[in-house]
């Protein structure tokens with residue numbers, strides 16, 4: 001997914017349809033030129049509706065859409081006929097999309113399932129026709145209700161990538177290479193920092209036709225929570241991942257220190273992230289023999305599953321997938337220290 005095509009934040013002005021006016025009408029029959037009231041009700045306007053679409057990964061299709069409008073309802077007819085309803089405006093969004101009020105930041109709606117629909121902006125109701133106002137004391141009402149106006153409001157749509165596993169690490173930790181090895185995703189890979197400028201998603205095939213989603217989140221650096229590097233823009237995507245897979249290269253100067261920096265950035269951004277299951281994966285492990293791995297394990301944090309792998313030699317990838325799958329499907333327990 002090219003970074004220029006990955007849009008995870010848009011602000012749009014939405015206007016639901018206004019309701020149609022009720023009709024003022026009286027029956028006109030051959031032998032009853034001035035019959036009773038038969039004005040129909042107006043039709044409701046169209047809603048603005050969010051719909052989840054599993055085929056979408058970005059809000060790119062809404063980037064240049066500043067106004068979203070639904071149809072107005074039609075006025076009531078004669079012979080008690082109701083006016084037609086305005087057509088709803090369906091806005092398809094990726095799973096993980098949240099709608100917020102731009103003034104308060106309050107969450108209005110959240111889409112997490114394919115085909116899920118939520119009315120984002122409700123339509124105006126149609127007005128009642130004069131037939132509805134007939135009473136024993138007023139057999140010929142000459143008035144009807146106007147339709148309710150539609151609602152116009154600015155809305156922020158924010159995407160938080162839904163994935164089972166989120167890759168967390170410094171730039172150049174080998175996250176994109178790993179994703180390309182265990183899935184069909186083709187992220188850009190190069191020997192310089194911030195190659196990944198937007199989250200990349202890949203479907204990891206597992207045993208017996210099972211699979212899970214892995215997300216390569218752009219590299220985190222110290223100070224990311226304060227906006228350094230690519231800043232907090234992409235940290236929010238980690239919030240939707242079930243497991244955080246920390247990737248640190250075997251040739252790092254201090255693996256434990258890097259791990260602690262990454263944890264600290266997540267803690268500063270959102271302490272709830274530390275309640276998620278996490279696994280520490282040491283990449284480029286072809287540089288280490290068994291003795292070095294054993295020594296290294298002694299220095300690493302206790303209580304955190306650690307796995308060594310090499311994308312270059314395809315070593316340890318099966319074990320890594322096994323560990324991810326097992327962790328993903330175990331009963332939830334207290335968070336790790």
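Cβ atoms here come from the backbone N, Cα and C positions, even for glycine.
Under the heading domain 'Obg', Swiss-Prot lists 4-162, citing sequence analysis as support.
Swiss-Prot lists 163-329 with the feature domain 'OBG-type G'.
Residue 172 (GTP binding site) carries neither a helix nor a strand DSSP state and counts as coil. Per Swiss-Prot, GTP binding site is recorded for 169-176, 194-198, 216-219, 283-286, 310-312, and the stated evidence type is sequence analysis.
Positions annotated as Mg(2+) binding site by Swiss-Prot: 176, 196. Its Cβ taken as reference, residue 176 (Mg(2+) binding site) is surrounded by 24 other Cβ atoms within 10 Å in the chains shown.
A gap of 13 Å separates the Cα atoms of residue 310 (GTP binding site) and residue 176 (Mg(2+) binding site).
Annotated pair residue 218 (GTP binding site) and residue 176 (Mg(2+) binding site), C-alpha to C-alpha distance, rounded: 9 Å.
With a 10 A radius on its CB, residue 172 (GTP binding site) counts 17 other CB atoms from all the protein chains. According to DSSP, residue 284 (GTP binding site) sits in a coil region rather than a helix or strand.
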